[in-house]
Amino acid sequence: MKAQTLYEKLWSSHVVHEEADGTALIYIDRHLVHEVTSPQAFEGLKLAGRKPWRVGSIVATADHNTPTDHWDLGIQDPVSRQQVETLDANIREVGSLAYFPFKDARQGIVHVIGPENGATLPGMTVVCGDSHTSTHGAFGCLAHGIGTSEVEHVLATQCLLQKKSRTLLIRVDGQLGRGVTAKDVVLAIIGRIGTAGGTGYAMEFGGSAIRALSMEGRMTICNMAIEAGARAGLVGVDETTIEYLKDRPFSPKGAQWEQAVDYWRSLHSDEGAEFDKVVEIKAEDILPQVTWGTSPEMVTTVDGRVPDPAAVTDPVRREGIERALKYMGLEANTPITDIPVDQVFIGSCTNSRIEDLREAAAVAKGRSKAASVKRVLVVPGSGLVKRQAEAEGLHEIFLAAGFEWREPGCSMCLAMNADRLEPGERCASTSNRNFEGRQGAGGRTHLVSPAMAAAAAVTGRFTDVRAL
Amino acid sequence: MKPFTQLDGLVAPLDRANVDTDAIIPKQFLKSIKRSGFGPNAFDEWRYLDVGQPGADNSKRPLNPDFVLNQARYQGAQILLTRDNFGCGSSREHAPWALEDYGFRVLIGPSFADIFFNNSFKNGLLPIKLDAAEVDELFRQCEASEGYRLKVDLAAQTITRPDGKSIAFDIDPFRKECLLNGWDDIGLTLRHADKIRAFEEQRRAQHPYYFA
């Protein structure tokens, strides 16, 4: 049989029907739902008199609008509250496999709770009305974000209309240096191929440096595949994947576990499989990364400088850099380590899992927030992550350093709740998007790893974590 | 869905690359549980000088005179010229809802982000990919002549410039058919309900652990 890529295996095992032009109906195994992109879909379904096809595929939570402190007060913003209550009502009415509402012990960011509950499994198709659904591809499943019309389509038909993507392999071989994390790897990849470099592709990450990563690290990398333009990120299944999934609440048990694992072991790209495009990166070349602009591709190494637009010939690119520097309040050629920060955010579906918090705590331990830094928010990805961190005493390290230890949620990654930057404030953030206004109107975001964020918190400016 | 067949519309140029969906419709407006009413907040942070809030009276807010869509000559535009990677970022369908509600029916650019591109078709909004050189020329012509219009014919897959030049564009036949007829995707898919059921039963038998 012809050698196949992982994407081809996943695609061909889900095609229900194909139109003459290649548009296919693919079957959806898992439908993750949150409060922001689902209300119009449930309403559309109801207006058309349709019923959900298979409610057992639905796992839902409220994450974007939920506050990260004073849970006893409920959701203060009435518009946010209405959106969360609408999700409550919709799930109550139609049902689900699992629902983790606001304040539930297992509530959290949808892309954290799916995997940690074993609701994301290898070989599945996973969708959610959220672009960071690419995260779940770390488990060797085909996972991507969809719009609200598609949420309604999946609710009604359990299928999605899709055309097959092209395949892109990003191979990272070698050993990552000390202080260099999965976040640095994915930012370096985006810096290399650009924010549209993966458009139209399913992006698989392979090579010895990826194989050596934990599931948390692989999720960080797949999470930001969308920041390189690829709807889906993928990592092949190996023992790390299987070990992570064993004994999770929704993971198969007993004989079914054995049967599943047998199948899952086939979910990797075959030796000699052909990709439409291959990009190779040496792990040793990757240094800690810091973004300086308003797109994730506007990134450099911590020992680098803010670029000089005068050195760029392409007028669209030059104007883009000029506009970004103006928005970010930065001068060309400034060393990255000369840039001070006002706030630090450690959290988001990119970097709020236990390993991320351990990395940040290792830097914070025995140190204190710099006096010039107004606030350091540490927001765990879920209630389970929070409890685990507390069991390990990480919260005490953060609190002793003057950081704030919050309740789980999306928080200041997109500032739909009360956590946000004020205009002009500069933030070292472990999130995924440095777009204008992303963390609050006029706010300035620099994307970094959890360790680099903690380093900025204790020194007051971007600092090479390896030198601390 | 509203069908799309032909359009003879005023063109507005948005000359920047990587316009993300946070810029097209900022997060505070995503709290709405409706599909409509996003137009007055399209490009909110670029368009107004103050920070927009859901439910505010946008007609009383100060406009940013430097933002291209606020110029008198582009009022009533139905076609938006864009640069590379338009619609990148979040999957929020509020972005095409906002553009459609603003009055746009066609977007023309060298490339679009995947999820945004897909979402546009579900809302009667036609995104057209052209070669970068063709897009450059449209930017030049549009900026040079006030009242610049283009004719878009979906059935013929052509854009006609005022100088008479016709530019052909590609579109998936299935998407084209859906858009021309204003078909509801879900209704179309449910014609295959038996096939979906059969697939599901076979999958359940083969991989029961996905159906626990």
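Cβ coordinates come from backbone N, Cα and C, glycine included.
TrEMBL entries are annotated by machine, without manual review.
Keep in mind that this is a model prediction, so the values were computed, not measured.
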Additional site residue, A:Cys349, A:Cys427 [criterion: listed by TrEMBL with A:Cys410, A:Cys413 for [4Fe-4S] cluster]: A:Cys349
Cβ-Cβ neighbours of A:Cys413 ([4Fe-4S] cluster binding site) (radius 10 Å): 29
Secondary-structure category, per DSSP, in which A:Cys413 ([4Fe-4S] cluster binding site) falls: helix
Binding-site residues (A:Cys349, A:Cys410), the one with most neighbouring Cβ atoms at 10 Å: A:Cys410
